[in-house]
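Swiss-Prot has this to say about the protein:
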ACT_SITE  202  active site
BINDING   45, 46, 47, 104, 105  ATP binding site
BINDING   138  Mg(2+) 1 binding site
BINDING   178  Mg(2+) 2 binding site
BINDING   204, 230, 234, 235, 236, 237, 238  D-ribose 5-phosphate binding site
């Protein structure tokens, strides 16, 4: 049996989709459980079949899936897994989405557009999820899209602890890639010894439609070691441009830090050649450092394992990032 039994007979079971099984295995090791065996395959027309190899009746079930490319396939697989657990009489189902898909589509920018992030929450609830766990949501209001508990975890302590251990904080400036991330940058600055802050001012290109251009730095970065942060990096164009602007403003060095390394092409090429000393991310999505010498990947599994443990034991998830009940 892969379950973790307690005296009250509540049963913790961990399940993993096929997108990032290494992450689930790391979480399982920290929890001292095994990932529940599952049969999953694709039919010729692209439909997905899943079946669990053990009874889930009465279990406290945690379903981990990373939403990397092909994102829609892995989202559908997680929904099918949740539905199978619901129909198998699981007691409670927690959907763990380290990277919340469609998070950038959290509101209507123009008429006749969907609010895709809300739809994802509705799909998870309809499938049978009782609770959602995610890490560094693109916007906080996504928590309100799901009609149930949402545990919004933060990778900042993981990233800042690494920076504290490796870099001299006396010369650091925390830089937000735009004005919208300044509040997050403030938290980073407080954690990194009340470091000074700056942000990159962006305007829309007058030459290319729908393109945003980083054009100047607000704040003093001359001679400083800059920590340029964001919640996610996709193609890397904005961040690479920000590195260039910081260098032009006299920054001595630039370190990029993000929770979610989506790294769609041509991100690797851009970020490895933009002049950044290091790119730091976590493994909320599958990562490979092969051919990318300045990429550092930090494990998110310990945070997820502690979160699962607190939920299972009816503890306080808040203590994991605030330090008190």
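Every residue gets a Cβ built from N, Cα and C, even glycine.
Residues 45, 46, 47, 104, 105, recorded as binding ATP, reach a greatest CA to CA spacing of 29 Å. Looking only at Cα atoms, residue 47 (ATP binding site) sits nearest to 235 among the recorded positions 202, 230, 235, 237, 238. Looking only at Cα atoms, residue 238 (D-ribose 5-phosphate binding site) sits nearest to 138 among the binding-site residues 45, 46, 105, 138.
Distance noted between the C-alpha atoms of residue 237 (D-ribose 5-phosphate binding site) and residue 178 (Mg(2+) 2 binding site) is 13 Å. In this structure, of the recorded positions 104, 138, 202, the smallest number of CB atoms within 10 A of the CB marks 104. In terms of Cα spacing, the recorded positions 104, 105, 178, 202 that come within 10 Å of residue 230 (D-ribose 5-phosphate binding site) are 178.
Within 10 Å of the residue listed as 'Mg(2+) 2 binding site', counting CA to CA, the recorded positions 46, 138, 202, 235, 236 contribute 202. Note on proximity: among 202, 234, 235, 236, the recorded positions of the record, the Cα nearest residue 105 (ATP binding site) is that of 234. Neighbour counts of Cβ atoms within 10 Å were compared for the binding-site residues 47, 234, and the top value is held by 234.
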